[in-house]
Structures are given as structure tokens and as C-alpha cells.
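Structure record follows, encoded as C-alpha cells.
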């Protein structure tokens, strides 16, 4: 029996998505596209070719309407428009930070008349050598991590594969990142991309929505479509142990662990999921992760909380804990949000912590806070349906200016 089949699958109990009256083709696999084409009368002999044409128009050209798909007959385009859409999530607001970070509030189509539409946030972080898109996997979150703003919003539902891929497509739309003039991804070139990396670090726990996240990332990494290398896709989990091996085995992307503490007692408080999957089990799952090596290290994220987890004793325990794991440690200065109970560690303490880890042989970059002024930094995402009061917004601006 393999490790993938030995462990029970971990899923959220909440499954409240309702199918749309006119479903989107975004997020479907090629076999699923062929099945939908068969459902509207496309001959079996033509389905594979037509599905490939749709795949190209949706994921290479970024078509937003069937009318744009000129290599498909008018008759079939009319049939497609009658039964399906290629709609993305609706952009409700776009905020641009002083540092160039962009945050989009996206409204998802409601499943039925009268149902309240749900919203998620998606963030684009431009840097000199890359452009990283931070994507959400759930509306809200169930984990209740005490330092995370998203954790103050209850879990509403999982996103579909189409809604996850749709975030990438919205970002490419807004940034003008589609190679509209080329016929294949080989001609598009990696160097011309604005979105070079995707991180599953937005709202929600990706491994509590495993199947949809898997299906979405396989589409994003498909080399006949969006074509992002799996080495440029990182999935971050708080430690849903049964699905960690599956992530490497079935998706093959880079893994990041939201660690944040080196003792179970403290991690139980910061990341309550630790009560179910304690550090010993989590670290063993990391050692068993398929493909992990010095060339494909696992990233451990560690938020720096003043007087909580930032001592040199914590740094020593961290080095001991990661023995035998090909790892790098990302130190994250705590990003404040209204009502948070924590403060960011002093900068000199962060540097001492980083230096100790580096001298022990681990890469230990300190993440530069991005988008704090628009509540787009790590741990700050939350649907705008959970409205901030004017007082909270003023407090946020003050915190951003102070830091």
C-alpha cells in the first residue's frame, strides 16, 4: 500500500457550492470539455479537436467571449454561447499599494437567484525579477490561526477549480498578460510574463479543498495553456498531513509549510490545526514529500511575533526541528491588522534570528512586507463583505505609516 492510499483523505465538511444555470467552461479538464461538447451534440469524432481549440482560446489567448474564437465555426460558437460561459469572477474593487502591489476583490457568481454572491481577494506582487500572484482557495477559512486576519472570517465554502483558475485569468486580464498575438505558448516566452509565479497563500487552507486546488493547478501548469512551471507554483499549508504526500504525488508543485512555532504548546495556540497534526507528524510528512531535495527545498514560513516566538532559543529549536528536511526558512515580519493581539518583532531581533539560522546552514530570507497599506500583506486578507469600520481603516493606515 502506498503512502498516498494508506492515509484517510482530509476534506472540509462544508460543500455548499451550487452549480450555475449556465456553467463556465473554465476549470474543466480536457475530458470534461469533451463530455460537455458531447452534451450539446458535437460528434464524437470531433470532440477531442474541438476541446483542444477551446483549451487554446481560453488558456493561451485568454478569450472572454465565444465570439472571439474565430477558428471555431459560427454555428458551434452560437451553441457554446447558448449553453456555457467563459466568464471570470467580477472585479469589485482594485486597490494599488504605494509599493505597486495590487489587490482585487473578486465577486463569484451566485449559484441561484436570491443567493448572496461571495467574494475573495487576490493579490499581485511585482518585483524586479518576478511577478507573484497570491491566490485564494476558500471563501473565508476554518483554521482560526490567531495571528491571521483571514482567520477572523468564518469559512463559507470551498472554491471550485474554475474559480481558482479564474483568479489567475482575472489577473492576466487586468495586467494585459495574455500573449494575444501568438499561436503557441512556446512562442510566448517566460521572460515576457508579468505573472511568473503563483502561490496558494491567499484566503483558505488549500489542502482542505484538495481536489479543486489540484485540478486548478494542473490547468495553470499545463504547457499547452497558461504554461506556468510547477517549480514556480507554491502551495502553502498549515499542515493538513494526510494531503501533503498527495500534493507532491498528484500536483508536483513546491511546498510551503506555515510553521510559526517550534513547540507544540505554542503552535496549538497560533495554529490550532496543530492539535490534530502535531509537529512530529508534520515534519515526517515533509521528509516524505515526493521530489523534495536540495534543488526543490520545502519552504517553512515563520511569522515573527514580538516576545512570542522570536527568541534565540526558538531559533535553535527550529534548526533542530528541521534536521533531515531540505528546507529554507522565510521569516515574515508580522503584518498588523485592526484588533490583532500581536506586535511585530523588533528588527534587530529578526536579524539575529535570521543570522543564527543562516549560520546553521539554512537560507533564511526576511520577507519584505508588501501591500500593508491596502491590507494585502501576508495574513491580512479578508473579504470586503466583512466590512471594516472607518475607525478600523484609520487604525490600519496609522499602523502602515508607523511601520
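Even glycines carry a Cβ here, placed using N, Cα and C.
In the three-state DSSP scheme, residue 121 (active site, proton acceptor) is classed as strand. As annotated by Swiss-Prot, active site, proton acceptor applies to 121.
As annotated by Swiss-Prot, domain 'Radical SAM core' applies to 127-375. Summarising model confidence by region, the domain 'Radical SAM core' (127-375) averages a pLDDT of 91.
The disulfide bond annotation in Swiss-Prot covers 134-378 and is backed by sequence analysis. All chains included, 28 other C-beta atoms sit within 10 angstroms of the C-beta of residue 134 (disulfide bond).
Positions annotated as [4Fe-4S] cluster binding site by Swiss-Prot, on the basis of sequence analysis: 141, 145, 148.
Among the features that Swiss-Prot reports, S-adenosyl-L-methionine binding site is placed at 204, 205, 236, 258, 259, 260, 335, with the record citing sequence analysis. Annotation note: residue 236 (S-adenosyl-L-methionine binding site) sits in a strand segment as assigned by DSSP.
Marked as active site, S-methylcysteine intermediate by Swiss-Prot on the basis of sequence analysis: 378.
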Across 236, 258, 335, listed as binding-site residues, the smallest other-CB tally within 10 A is for 236
Here the Cα-Cα span from residue 134 (disulfide bond) to residue 236 (S-adenosyl-L-methionine binding site), rounded to a whole number of angstrom, reaches 11
So if I measure Cβ to Cβ from residue 205 (S-adenosyl-L-methionine binding site) and keep only same-chain residues at least 6 apart in sequence, which ones fall under 8 Å? 137, 138, 141, 142, 143, 237, 238, 240, 273
Do you know offhand how many angstrom separate residue 236 (S-adenosyl-L-methionine binding site) and residue 145 ([4Fe-4S] cluster binding site) by C-alpha? 14
Residue pair residue 121 (active site, proton acceptor), residue 260 (S-adenosyl-L-methionine binding site) - Cα distance, angstrom, rounded: 23
